[in-house]
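> What TrEMBL lists as domain 'RCC1-like' is 140-475. Residues or ranges marked as repeat 'RCC1' by TrEMBL: 157-208, 209-262, 263-315, 319-372, 373-424, 425-492, 493-528.
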Amino acid sequence: MDATTSGTPTIQYHNITDQPIPNIANRQTRHCFGDATPGEFPLSANPSIVLHVLTGCNLDPQDLAKLEATCSFFRQPAHFAPDHELCLSELAALDMCQKRAIFKPMASEERHQLKLRCGGSWKLVLRFLLAGETCSRREKSQAIAGPGHSIAVTAKGSVFTFGSNNSGQLGHGTTEEESTPRIIRSLQGIRIIHAAAGAGRTMLISDSGQVYAFGKDSFGEAEYGVQGSKQVNTPKLVESLKDIFVVQAAIGNFFTAVLSREGKVYTFSWGNESKLGHQTDPTDLEPHPLLGPLENIPVVQIAAGYCYLLALACQPSGMSVYSVGCGLGGKLGHGTKNDEKQPRLIEQFQTLNLQPMVVAAGAWHAAVVGTDGRVCTWGWGRYGCLGHGNEDCDSVPKVVESLSNVKAIHVATGDYTTFVVSSDGDVYSFGCGESSSLGHNTANADEQGNRHANVLSPKMVESLKQIKERVVQISLTNSIYWNAHTFALTETGKLYAFGAGDKGQLGMELVANQTERPTPERVELDLS
């Protein structure tokens, strides 16, 4: 890479072959190009080589900080757009932030406020954005196994729904069940990046941060509570959220929560100020900011259980989990069974020296995957859903020791059921075996006792390994009033379903008198 001796060299470094990177941190003599003085790096020439190293070598914000601390030339001011005051690592982080979909449309002041909220550094903003993408599959294909109905979102943002439709929750303008995936045509031209399902209702989020809801218009107790004054059977824009750029939604049995792109949490329709710190009516659809410690801490993921909410927060010191709501069974993770009306930090992860990466809220129990691949569970351990070999309750997070040889990357929870996905794409499940939703049911159809056996410790789902596809996401029904079904999504966009299918929620026709599928079967739908 020769440089001219006059003027600024115009060298392009975009396509650089992978080569061993020398130890520049300890080198005392650094060479320069062109007219640059010894010891200085000519950023005005072209930043591409630096950005290639920073973006192509799997460096995270901590690595950038170490480079900045050890390499004096990383602290030299940059002499090119967008900001002459930024050091190189900050500039590289900002450049990568600008490639994220939710960051691109933000105005300058909004970006500045996000930077302050994340801790005053673009490196921390980048970590916040990447963490949100990792834990929620935002802008990627996804499948949602709701209570009696199902949602499938393609990588391009099209939405298919199928299953129970008594409240219009499929969004097709009718209340008729659908056993075959059917695209929601009224959303043509709108790209959906996230979906959430509750009992009799559905919420979809577009890439512009708008929220569409349909089904029941109230948030009473599951199917047997308040039904609301009307039903909406086609996607309708939620007017009360139009001024909030939403990136995720989570539906509990008594409330709904949404997460803004700035990491703020809003809730509505809880109905009791002792639960979430504000008073609402059962049919209240006005969002209220979640009060307490999370007001000034950015959240990257929310997860709703039967009557509680978990929030994965991103702080300068690392990732943490907060919980709020009903504490029955110890599912809030604080060592007690007390309710919490404001979010409270789960301190046990600091004791375990575990950095949470993904959080899941089941009906009565919860789970977390750490960046090191460890899995923690806590809450009501009925049917063995905590994976500790018993049915005991644990009121603080506890590592699932039988998964010590597995590096987990994803976890999903339901009604006393838990699934774990490893970095190799293997799937493990444990807990309640009703409706064949664990995937271990290889017995004959007449052997109902074996097919519905509970599993107290993690067990590999061999039936998914046989499909010879790497699984990247598991979704299962998270409701105490519906028989569960399960989806497994592969990295190539293939969708497999098993468990209860009496309402068509598996996306396939069942034979006469059959109500469930004991083993995974391919859904005729390509989500890639």
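Placed from the backbone N, Cα and C atoms, the Cβ positions cover glycine too.
Remember, TrEMBL labels are computer predictions, not curated facts.
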> State the residues, same chain only, that lie 6 or more residues beyond the ends of the repeat 'RCC1' (493-528) and have a CB under 8 A from a CB inside it; answer 'none' if no residue qualifies.
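For the repeat 'RCC1' (493-528), the far contacts come to 141-143, 145-146, 148-150, 152-155, 160, 162-164, 177-181, 435-437, 439, 441-443, 445, 451, 463-464, 467, 469, 476-477, 482-487.
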> Counting each residue once, how many in the repeat 'RCC1' (373-424) are helix, strand and coil under DSSP?
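DSSP composition of the repeat 'RCC1' (373-424): 6 helix, 23 strand, 23 coil.
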> Count the CB pairs under 8 A between the repeat 'RCC1' (157-208) and each of 319-372, 373-424, 425-492, then give me the winner.
425-492
> For the repeat 'RCC1' (157-208), jot down how many residues DSSP puts in helix, in strand and in coil.
3 helix, 24 strand, 25 coil
> Count the residues of the repeat 'RCC1' (319-372) that DSSP assigns to helix (H, G, I), to strand (E, B) and to coil, and report the three numbers in that order.
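Its residues divide into 7 helix, 25 strand, 22 coil.
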> In the repeat 'RCC1' (493-528), how many residues does DSSP assign to helix, to strand and to coil?
0 helix, 18 strand, 18 coil
